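J.: I'd like to ask you about the structure that follows.
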Amino acid sequence: MAAQIWYEDDGDLSVLDGKKVAIIGYGSQGHAHALNLRDSGVDVVVGLRPNSKSVEFAKEQGLEVKSVPEAAAEADVIMILAPDQYQKGIWENDIEPNIKPGAALAFAHGFNIHYGYIKPSEDHPVFMVAPKGPGHIVRREYVAGRGVPVVTAVEQDPRGDGWDLALAYAKALGALRAGAIKTTFKEETETDLFGEQNVLLGGVNKLVEMGFEVLTDAGYQPEIAYFEVCHELKMIVDLMNEGGLNKDRWSCSDTAQYGDYVSTVIDEHTRERMQYHLQRIQDGSFAKEFMDDQAAGAPKFKQLQEEYSNVRIEEVGPKLRAMFSWNNDAAKDADEANSFTGKIARAQVQ
């Protein structure tokens with residue numbers, strides 16, 4: 001069955017008339033949501049801790065800023081955009097004690113709702129609008145009159161207006177210009193984690209690292225190995241993004257295509273490992289492991305960060321990336337995105 005997709009005419013901004021929307025967090029997604037909604041005529045307040053470095057950034061953009069409890073107390077819709085591991089504490093300490101009866105809760109990722117770390121009472125609508133792109137792109141596309149696609153879901157709908165709220169929010173974000181795909185909190189969470197762990201990060205990163213090590217261990221120059229297993233990956237991904245697997249194969253030489261078809265690096269054993277990791281996502285084992293580690297001060301996470309930040313390919317990577325002038329433009333994009341909190345990956349209510 002084809003997915004249901006909504007566009008501009010399917011959302012009604014008037015649904016948000018007379019409602020205040022609190023954006024909790026002003027990181028990568030937070031700044032884009034707050035500014036796009038504000039520019040769409042929505043009454044927006046940003047919720048941050050009083051000592052957050054993001055307070056001044058938000059005020060400089062002309063946004064109203066209050067503490068998280070204050071923002072939650074006056075909002076009709078609360079979009080929580082802090083990292084997964086912090087949302088439970090923010091909910092329990094700052095939002096749940098202050099939230100208005102019947103106020104809607106919104107998320108850009110289903111993790112905490114799906115795994116039960118946040119359990120709103122049944123009188124609160126709960127919906128999700130999850131952009132398929134980083135915040136600075138969401139903002140840039142909105143300003144350009146375009147939009148970034150989103151996936152959207154409704155988990156609780158006590159009044160029957162959950163979808164109206166979700167689509168109105170998506171329209172204010174600029175997302176309906178591109179399209180909003182209907183999903184569920186379960187589907188979004190589990191597929192998102194699966195993609196990260198098995199393909200986008202846990203797959204590609206490890207393929208690149210191992211390919212580099214095999215070539216350099218065999219005596220090839222690190223610089224040449226880097227070009228072959230890392231640099232050229234962008235070309236393939238761009239082709240795939242434009243026209244799928246067929247375009248990326250069609251665009252390569254016959255020799256490259258044949259090598260693709262007969263390669264045995266990814267085989268049924270890989271499928272079995274993917275199925276194992278999917279099971280851990282589905283049964284909550286991965287979520288529990290991650291959240292337990294975070295609650296203990298993240299010792300395993302920090303150990304792994306340190307271990308993987310010192311991989312051999314990064315001994316040569318910075319020098320070679322600097323050879324390509326367009327990487328300087330990419331760095332500017334990253335600086336712009338990071339300027340709100342320091343690091344996209346650490347965007348939080350701090």
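Heads up, the Cβ atoms here are built off N, Cα and C, so glycines get one too.
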J.: Among Gly110, Gly116, Gly133, Gly135, which residue does Swiss-Prot name as a further NADP(+) binder in the site formed by Tyr26, Gly27, Ser28, Gln29, Arg49, Ser52, Ser54, Asp84, Gln85, Tyr86, Gln87?
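T.: Same NADP(+) site in Swiss-Prot: Gly135.
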J.: Need one number: mean pLDDT over the domain 'KARI N-terminal Rossmann' (3-183).
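T.: Value for the domain 'KARI N-terminal Rossmann' (3-183), mean pLDDT as a whole number: 97.
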J.: How many whole Å apart are the CA atoms of His109 (active site) and Ser54 (NADP(+) binding site)?
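T.: A Cα-Cα distance of 21 Å.
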J.: Going by DSSP assignments with H, G and I as helix and E and B as strand, what are the residue counts for the domain 'KARI C-terminal knotted' (184-327)?
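T.: Taking each residue of the domain 'KARI C-terminal knotted' (184-327) in turn, the totals are 114 helix, 0 strand, 30 coil.
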J.: Inside 10 Å of the Cβ of His109 (active site), count up the other Cβ atoms and send me the figure.
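T.: If we count other Cβ atoms within 10 Å of His109 (active site), we arrive at 21.
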J.: Using a Cβ cut-off under 8 Å and a sequence separation of 6 or more, which residues in the same chain sit near Glu196 (Mg(2+) 1 binding site)?
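T.: Those within reach of Glu196 (Mg(2+) 1 binding site), by Cβ under 8 Å and sequence separation of 6 or more, are Gly202.
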J.: Taking the Cα atoms as reference points, how far is Gln85 (NADP(+) binding site) from Glu228 (Mg(2+) 2 binding site) in Å?
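T.: Cα-Cα, rounded: 37 Å.
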